[in-house]
Amino acid sequence: MAKIAPSLLSADFGNLQDEIKKIENGGADYLHLDVMDGIYVPNITFGPPVIRKLRKVTKIPFDVHLMIDKPERHIKDFVDAGADLITVHQEATTHLHRTIQEIKSYGIMAGVSLNPATPLESIEYVLGDLDLVLIMTVNPGFGGQSFIESMKGKIKRLRRIIDERELNIIVEVDGGVKLDNAKEILNCGADLLVAGSDIFGAEDIEHRTRQFKQL
Ligand code: DX5
Ligand code: ZN
């Protein structure tokens, strides 16, 4: 069965508690939280105070996607706020290995995200330390963009490397994922799909979440 992480970025920010209930009832596996700082990406969203409040209203695991410059400055804040998984961008942190070790030292899962133009080779020497690799299939910063088709080859290659080396790493795919291309992306080797606009933009959010789960 597909695993799904609805991205709160496309939810109604004035009604977060209700929005989260809907995806929870629909069987979502994680809540994907897009943290943006206006520097690493052009957009600004929310930070630890909001996440800390949300932690009180739901039991669903928090998948925190940090699109911030030098995320190593804030790891502890996001752990304290309630993150179950923290993903940093390979391109945003100066000492990637150190940042991964810090995340893991708090006993939560560590992920690394790769922008569309960033090669898989850039994480060659940290793969063995990771719980998750997030393949960006749009350029980070905004919801509602189109899936970049050439990323399918990247997902397949990552899957092959993980299988060949018998690594225990979740392959997460983020950006432009919709009900109508999700099956194909899963077939490329994804384990966990992020979907923002296609879930929170749906007429019936709970039902749309369930549709993803049933793929
Ligand atoms: C983009 C974010 C995504 C975004 C996906 O920078 O990382 O998680 O919310 O939105 P959709 O599913 O609309 O492409
Ligand atoms: Zn994201």
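Cβ from N, Cα, C; glycine included.
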Considering the divalent metal cation binding residues His32, Asp34, His65 given in TrEMBL, which of Asp174, Asp180, Asp191 is annotated for that site as well?
Asp174
Roughly how many Å separate the Cα of Gly141 (substrate binding site) from that of Asp34 (active site, proton acceptor), to the nearest whole number?
9
Around the divalent metal cation site formed by His32, Asp34, His65, Asp174, which additional residues qualify by having Cβ within 8 Å of the site's Cβ center?
Ala5, Ser7, Leu9, Leu33, Asp63, Met67, Thr87, Leu134, Val194, Gly196
Sequence-ordered binding-site residues from Gly141, Gly143, Gly176, Ser197 with Cβ under 6 Å of an atom of ligand 2:
none
Using Cα positions only, nearest of the binding-site residues to Asp34 (active site, proton acceptor) (His65, Gly176, Ser197):
His65
What whole-number Å value do you get for the CA-CA distance of His65 (divalent metal cation binding site) and Ser197 (substrate binding site)?
16
Where among the binding-site residues Gly141, Gly143 do you find the Cβ with the fewest other Cβ atoms within 10 Å?
Gly141
